[in-house]
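Quick look at what TrEMBL lists:
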| type | residues | note |
| --- | --- | --- |
| SIGNAL | 1-20 | signal peptide |
| DISULFID | C30-C45 | disulfide bond |
| DOMAIN | 59-208 | domain 'Cupin type-1' |
| BINDING | N104, H109, E114 | oxalate binding site |
| BINDING | H107, H109, E114, H155 | Mn(2+) binding site |
Amino acid sequence: MASAMLIVLLIAMASSGVLASDPTPLQDFCVADKASPVLVNGFVCKNPMHVNAEDFFFSGLDKPGHTNNRLGSNVTVVDVNKIAGLNTLGISLARVDYAPFGINPPHTHPRATEILTVIEGTLLVGFITSNPQNRLIFKVLNAGDVFVFPQGLIHFQFNRGNKKAVAMARLGSQNPGRIEAKDVFGSNPKIDASVLAKAFQVDKKVIDYLQSQFGMDNNN
């Protein structure tokens, strides 16, 4: 009998590991209380009696972002830091504007899958699979087309046309995070240049130059 119970317990534990995911909300909503000093995975809930419509509202996605920069793109993110009511709901949104030949450079979202819809223009988009294949999966998208970037994979969008482009992205996390490929050269503090020179098999002077360039982008 004890052996049978042990087997059932082990199966249950194994199954719970397989099915584990972010917990679903245990109440209608949990509006983020950003003034709370309590640290949790996400945000502490505001008293529901103090919640109002403004906690679920954001205005401004109709306005294009400024693309007058070196990349020729601008990402306007609407996550839990912009809408407190997104806390625990596992979703966020972004508008991406592209100047002619602008790029949203290679990056990852460690906590979210992304689904991108092109609103205007033409984009070359793609993502790279993990080791050992490292396949580039890419496609040219036009207005009305939709493309999915799996969670954690490096991906990009490039406006290959001579007119502006606009896209909307939905992400499966209230706080998806973003890590750009260049961040390895722009970390704070810097990674020792000798380490990166060895890793990328280039002269240390190349790393020094890249760190001097991308280090300036940390505040952008």
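Each Cβ is built from the backbone N, Cα and C atoms, and glycine gets one as well.
TrEMBL annotations: computationally assigned, not manually curated.
When the domain 'Cupin type-1' (59-208) is classified with DSSP, helix, strand and coil residues number 20 helix, 58 strand, 72 coil. Listed in sequence order, the residues T108, A112, F127, F149, L153, I154, P176, R178 complete the 8 Å Cβ shell around the Mn(2+) site centroid, once H107, H109, E114, H155 themselves are left out.
The least crowded of the binding-site residues H107, H109, H155, judged by other CB atoms within 10 A of its own CB, is H107.
Each residue in A94, H107, T108, A112, L116, F149, H155, A169, L171, P176, R178 lies on the same chain as N104, H109, E114 and has a C-beta within 8 Å of the C-beta centroid of that oxalate site, without being one of the site residues. It is 33 Å from the Cα atom of H155 (Mn(2+) binding site) to that of C45 (disulfide bond). A separation of roughly 34 Å, to the nearest angstrom, links the Cα atoms of C45 (disulfide bond) and N104 (oxalate binding site).
Counting Cβ atoms from all protein chains shown, C30 (disulfide bond) has 21 others lying within 10 Å of its own Cβ. Summarising model confidence by region, the domain 'Cupin type-1' (59-208) averages a pLDDT of 96.
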